[in-house]
Amino acid sequence: LVSVLSSAIIVYRLPWTWKCSKLLMKFIHAGLNTIAMILAIVSMVAVFEYHNARNIPNMYSLHSWIGLTAVIFYSLQLFLGFAVFLLPFAPVPLRAALLPIHVYSGLTIFATVIATALMGITEKLIFSLKSPAYSASPPEATFVNCLGLLLVIFGALILWMASRPHWKRPPEKNAKVLQPTGETPEGTEAESTMTDGTNANKSDKRINSEAARKQNLKLDEAAQRSTM
C-alpha cells in the first residue's frame, strides 16, 4: 500500500505524464490502485493465517484496528472511483461534486497507511527483541527506527506533491464541454453580452471622437476665414 498507492496518487502529478491522454492516465491510476488492493488483501489473509497457526489473538492492537479500517475504506474508495470516474455513466455534475472528496479521502487513506506501518514495525520490534531488548537500542532497533523516519519523509513528500497547485495536471487544450443540441454553453451568453456591451462602448467612443474631430475642423475653418 505504501509504495503502489503512492504511485497511484502522484501519477497525475508527474510532468512527463502530462503529454499522455487523460483517459490513459485514468486507467493507469485505476490499475495501480487495483494492484495495491489485491496485495493488501493477500497480506491480510497471510497475517490472519499466521496468527491462527501460532495461536496469536487477532485484532487486539491499535495497529490491526487502524490497518483494517484503512483497507475497508480503501476498498470503498476503489469501488466508488471505478463507478463514478472511470465508467461513463455518472453525470458530469456528480463527478465535479465528488472529485474533491475523492482526492481528500485518498490522501487521508494514504496517511493512515503510513501511520499503520509505523505502528506495525514498532509493535514487531517490541515483541521480537528480547535480548537485547528494544529499550537497549540494538542495531536492529536503530535500523527500523531509521526506516520509520524515511517512511514519514516519504509520506510527507507524496502529500506535498499532491497538494501543490503547480504539480497539478494542466487542462486539456482541445477539451470541449459537450452540451445538448441547441443549448447555449455555460457562460457564452454572458460573454456575448459583455462583448456586445464592449463593442457598443467602443463604437460610442469612436462616434464621439469623430464628432469632436469634425467640430474642431469646423472651428479651424471658421478661424481661418476670420483671419483672411
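Cβ coordinates are placed from backbone N, Cα and C, and glycine is handled just like the others.
These come from TrEMBL:
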type	residues	note
COMPBIAS	190-201	compositional bias 'Polar residues'
COMPBIAS	202-228	compositional bias 'Basic and acidic residues'
DOMAIN	1-163	domain 'Cytochrome b561'
REGION	169-228	region 'Disordered'
TRANSMEM	23-45	transmembrane segment
TRANSMEM	65-89	transmembrane segment
TRANSMEM	101-121	transmembrane segment
TRANSMEM	141-162	transmembrane segment
Please give the sequence-distant neighbours of the transmembrane segment (101-121): residues at least 6 beyond its ends with Cβ less than 8 Å from one of its Cβ atoms. 1-2, 5-6, 9, 61-63, 66-67, 69-70, 73-74, 77, 80-81, 84-85, 144, 147-148, 151-152, 154-155, 158-159, 162-163
Honestly, do the transmembrane segment (65-89) and the transmembrane segment (23-45) touch, with at least three Cβ pairs under 8 Å and pairs 6 or more apart in sequence? yes
